[in-house]
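Shown next, in structure tokens, is the structure this report addresses.
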């Protein structure tokens, strides 16, 4: 399998136009990736929510989220395959047996050949670092690899024009499928945060923004008892949500 797949997100396959992933070998070849744990669905949605049965539209800025666009939660998986071990060794440049955010950043690339941002790599390391060491082991790396692969498959499904970027109209349509009802102004501001000049998302920024929106939406929903799309927050609770210390 190593080096045969044309799409992957990791080292050893031929470059795929428009998309990034994992180089890792000397030729800096790329593979396609995607999103962890589940096959990409056909509808909308996000991780952690059960598929609803003919749900009614809710008031406010969101509705119960549907099944697609959602990676599954991960626990310790089976021993790493030979392929994962090969990729792990390619990324573990200091041969420590652990991968940190800096090593991950050097290995992961977007469709425009820019490396993933430090923010994205730090976020993903923290999500799979079960020991809170700031690094991931080979088995945690295998879970992260699958996670990126599933995110990438979602990204490709949203990127209708195959540009390697997600533009405003594509992101608006994706948010609607996911169950979010954001205004065009919100989407424009979100795109401007990551790319003030071109207003479009690369894969790494798409992952970061999606994970953050999902986290904030879950926290908001807990407080929005009547599902009105409005809550009253104390100052400390608000700051805690913004910093990610409150749930």
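Sequential numbering from 1, following the chain as shown.
A Cβ is built for glycine as well, from the same backbone N, Cα and C atoms used for every other residue.
Taken straight from TrEMBL:
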type: COMPBIAS; residues: 1-11; note: compositional bias 'Gly residues'
type: COMPBIAS; residues: 24-33; note: compositional bias 'Low complexity'
type: COMPBIAS; residues: 34-47; note: compositional bias 'Gly residues'
type: COMPBIAS; residues: 51-69; note: compositional bias 'Low complexity'
type: DOMAIN; residues: 79-114; note: domain 'EF-hand'
type: DOMAIN; residues: 146-181; note: domain 'EF-hand'
type: REGION; residues: 1-80; note: region 'Disordered'
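For the domain 'EF-hand' (79-114), the DSSP counts in helix, strand and coil order read 17 helix, 3 strand, 16 coil. Residues in the domain 'EF-hand' (146-181) partition by DSSP class (helix H, G, I; strand E, B; coil) as 24 helix, 2 strand, 10 coil.
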